[in-house]
Amino acid sequence: MHSKILILDFGSQVTQLIARRVRDSGVFSEVYPYDVSDEFVRNYGAAGVILSGGPNSVIEGDESPRVPQAVFELGVPVLGICYGMQAMAEQLGGKVENGTVREFGYAEVRAHGHTALLKDISDFTTPEGHGMLKVWMSHGDKVNEMPPGFKLMASTPNCPIAGMADEARHMYAFQFHPEVTHTLQGKAIIARFVHDICGCKSDWNMPDYIAEAVEKIRQQVGNDEVILGLSGGVDSSVAAALIHRAIGDQLTCVFVDHGLLRLDEGKMVMEMFADHLGVNVIRIDAVDQFMGHLAGVTDPEAKRKIIGREFVEVFQVEAGKRKNAKWLAQGTIYPDVIESAGKGKKGHTIKSHHNVGGLPETLNLQLLEPLRELFKDEVRQLGVALGLPHDMVYRHPFPGPGLGVRILGEVKKDFADLLRRADAIFIEELRNTPYVLAAGASESTDNGIPHRNWYDATSQAFAVFLPVKSVGVMGDGRTYEYVVALRAVQTQDFMTAHWAHLPYELLGKVSNRIINEVRGINRVVYDISGKPPATIEWE
C-alpha cells in the first residue's frame, strides 16, 4: 500500500501544483475539496495533510472556508500554505488581520528557529548569517499572532510571521507558496515535508499507476462499452491507449472531423490507432454541423461551449447505435480542471474547457476521465510506459476545440484552411531547425532526452489567425490580406510559461514561407507575451 498525502483545496488556482511537487518526490497525493467530512479525513489513511491557498479571507468569519477539525486531531503532520496557514492559525487560537501591504510576487524570506522543515535549506546567507529564501508571495491577509505552541519559522519585513511551526504536533505553515517554480527551494521544502516529516517512501511510479488505473477502469466500467473522442492530441491518445489496455474491444474511439483539425490530422489518427494499434475507430465527418453552429459567433466562451456541445451530441448519436455504450471517456487532465475551477468549484474561473464545460444535464453517458489527476508531463510518461511512439507522446498539446480557439472571432472554413497551412509550415520549420543551447545556459527537459530541434525545445507552438487585413506589397501590386500570429512558449507545468526566444533566422524563414505559400496572408507577427498575464492560447 502506497503512502499518500491528502491535499485539501481551498480554491487556489495552483493547488494541483502541490500534488505535482509531492509526486515529483515519488509520493502519491490526491486533491479533495476543503469541505470533505471529518469521517472522510479520518478514513483516508493520509501520512500527512497539506492545506492549499485560496481566494477567501478567514476574517469573513462563518462565511470563510474552514479546515475539517479531524485534520488537527489525526496526529499526522500538517502543512498549511497561504490561506491554509491563516485557517490553521485562526482555528488553533491565533489571530489573522488584513495586511496594510499586500504582497504579490517575489520576496526574500528569512528562516528562523532551525526547524526540521527548513534546516539547511536556503538560497543565500546574509552577512549576519541569516539563511534566506527566494519565494513567491500572493496574499493580503496575514497572521499577526501565532496559536499556542507555535514558534516563528520565517519572516519578511512586510510579513513578520511568514512561517510558523509546532514541531511537537508536526504542524507547519508558510505564507508563501513552495509549490510554484518561482520559490527556488520549494521542491526541496515539499520533499522534506513528505519524506522526513511525514515518513513517506518514494514508492509511487508510473508502472504502478498503470496497474492501479487499469484495475480502476475495469471496476468502474464492468462489461459496458466506452466511447472516447479521439482528436490525435497527446491527452486523448494516451487515454485511449490506457482504456484499451484495460477493456480492449469494449472501447470505441470516435474521431470527429469538425473542420478545425491540423493539416492531415485525420489521416494520421486513422493510421496510428486503427491500423497500427488495433483500436476500433469510427470517423465522422461533421464539418458542416460544426461550422453551421459557429457561424456568426465571436465570443470565445460561446465558441468553446458550442464546440463542446456539438461533440457531446455527436457522441450521443453514436452511443444510440451501440446498446451497451454507457460511458463517455475524455482525456481531461489536471490543468483543464484547474482553469475551469475544478473540483468543488472553489476557485475563480479563468475560462472553460470543452472537456469540463458545456456538458448538458441530459447527457445519457457517464463520464470516464482516467487522466483527470495527471499533469501533462505525467501523461507523457504514461504514454511512453504504455508503448506509444515517442513522437506522438511528445507532440505539442492541441486544444479540444481545435483551431476554433486559434481563429479569433468568427470561425469560417476559409479561415481554418489558411490557418492549418500556416501552422503546418511553422511546425515543419521548428522540426527542421537544430536547437543550439545558448552559451552558459543549462538545458532542462521533461523527458531526460536532449532537445534535437526547436520543436523539442518548445513546450507548445502554433499559429493564430487574426481576422484583420493589412496592406502589403507583392510584386508590383498592393495586397490587402490577413495576418497570422506565431506563438511559442516554454514551460515546466503549463501553469506559468514564458515566450520562446526563437532565432530570428527561423522566424524570418517561417514568415517568408507563409507569406509566399499561403495565398491570403501577407503579414506574420510573433507573440512575446508570458503566462501570466496572457494565457497560452489566445482564446
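Backbone N, Cα and C define each Cβ position, glycine as well.
Mapped onto three states, the DSSP output places Cys82 (active site, nucleophile) in coil. Swiss-Prot lists Cys82 with the feature active site, nucleophile.
Shown in sequence order, Val14, Gly53, Ile81, Cys82, Val135, Trp136, Met137, Ser138, Thr183, Gly186 are the residues of the chain, 6+ apart in sequence, with a C-beta less than 8 angstroms from the C-beta of His177 (active site). What Swiss-Prot records for His177 (among others) is active site.
Annotation source Swiss-Prot lists active site at Glu179 (among others). For Glu179 (active site), the same-chain residues lying six or more positions away in sequence with a CB closer than 8 A to its CB are Val14, Leu17, Ile18, Arg20, Arg21, Ile81, Gly186, Ile190. Reduced to three states, the DSSP call for Glu179 (active site) is coil.
Annotated ATP binding site per Swiss-Prot: Ser231, Gly232, Gly233, Val234, Asp235, Ser236, Ser237, in sequence order, evidence recorded as sequence analysis. Here Ser236 (ATP binding site) comes close to Leu228, Gly229, Leu230, Gln330, Gly331: these same-chain residues lie at least six apart in sequence, with C-beta atoms under 8 angstroms from its C-beta.
On the 0 to 100 pLDDT scale, the domain 'Glutamine amidotransferase type-1' (4-203) averages 92 in the predicted structure. Annotated domain 'Glutamine amidotransferase type-1' per Swiss-Prot: 4-203, in sequence order.
Residues or ranges marked as domain 'GMPS ATP-PPase' in Swiss-Prot (evidence: sequence analysis): 204-395.
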Checklist outcome for this item: In the three-state DSSP scheme, Ser237 (ATP binding site) belongs to helix
Checklist entry - Near the Cβ of Val234 (ATP binding site), how many other Cβ atoms are there if near means within 10 Å? => result 24
Checklist outcome for this item: CB contacts under 8 angstroms to Ser237 (ATP binding site), restricted to the same chain and 6+ apart in sequence, sorted by sequence, are Leu230, Met272, Phe273, Gly331, Gly383, Leu388, Met392, Val393
Checklist outcome for this item: CB contacts under 8 angstroms to Asp235 (ATP binding site), restricted to the same chain and 6+ apart in sequence, sorted by sequence, are Gly331, Thr332, Ile333, Leu371, Val379, Pro397
